[in-house]
């Protein structure tokens, strides 16, 4: 399909064009072919035309760290710090999950993400073959990561490699994968060494939690006399490209390790606040030119998958933490939620900008809303004024997924019904 979005404000996230006050975007198949100021003067025959008047186009948002299947546990285990929350609530009930549960939960997550402009998500969970199915059925870009933890790590690593082989054969263009060891405190040294070697051998990126809480840092320090970053460096995890979630408790040397290895940091401000884990020193990492992107974490610790909320929280929290209103601008937050996320997760595809030859993942926001007027600074409006309900068009991989707030190929009512029935099965048994 070829799509023309005309009469639209365009936030390109590209330094050369930045914001186009009124222009057009031409999409052919899965790529952006033209982005220009003014009117499209070419032949409009056979084009699917979207009138963008009163709307703003942004690159599709990239949720760089989540656990989509955990929508089941939204609001479950409230009011506990991370370690108690995991040990007393989450891990025991997760043992009851089956593949079909994760599929239905991920369907709900996909709806929630698409509705608020997220077109790509980086997942770490169980039964990831079900997540593959959902990504393809719902036409959302998915980075698939089998969660590797505990004594079953060898089986889980094999599962990750097997899924990666299938993804490489997939023709949808929507899928990639990462090797996803859960964390340094849920895996042995031997396991992490083996995972590091396998990731390097397979040329796969790694997705891992690092230094989320002070408890984690203390556990690793007591066991290995190293910080989590120092320990992971010693076992070879950083020999591959790494996307590190949280990174709340880092020493100066830890930040140097991340910088030297080209590691991307995934900032999860709402989850870190809700679990009282702490505040990551994001502004300092940005000053060091560490690539910082943004994630929601799972709904059980957030409790939503709204990247627009995450941008606002993320920037306000840094301003407050440093007591400096100049820290982490709205434009930088949007970059973290788009291009920086794509840069962290995807190696050989152009994603995260509205620019010629980039993948056509685009969201349109309706600016004709009380909370979106006036438009003195469009980046500020998107980050501080929007709440996600303004998203009324979503395009993923060159296909229109949502039009005027309605899903084109997804039976939303069926998804909601199936999810509610599945929750009865989980919580009543």
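Placement of Cβ uses the backbone N, Cα and C atoms for every residue, glycine included.
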Item to check | Further binder of Zn(2+) named by Swiss-Prot next to 65, 67, 209, taken from the candidates 287, 289, 297, 324 | outcome: 297
Checklist entry - Any idea of the Cα spread of the substrate site, 94, 182, 212, 297, as a max distance in Å? => result 21
Item to check | Distance [Cα-Cα, Å, rounded] between residue 212 (substrate binding site) and residue 67 (Zn(2+) binding site) | outcome: 15
Checklist entry - In the structure shown, which of the binding-site residues 94, 212, 297 has the fewest Cβ neighbours within 10 Å? => result 94
Item to check | residue 182 (substrate binding site) versus residue 297 (Zn(2+) binding site) - Cα distance in angstrom | outcome: 13
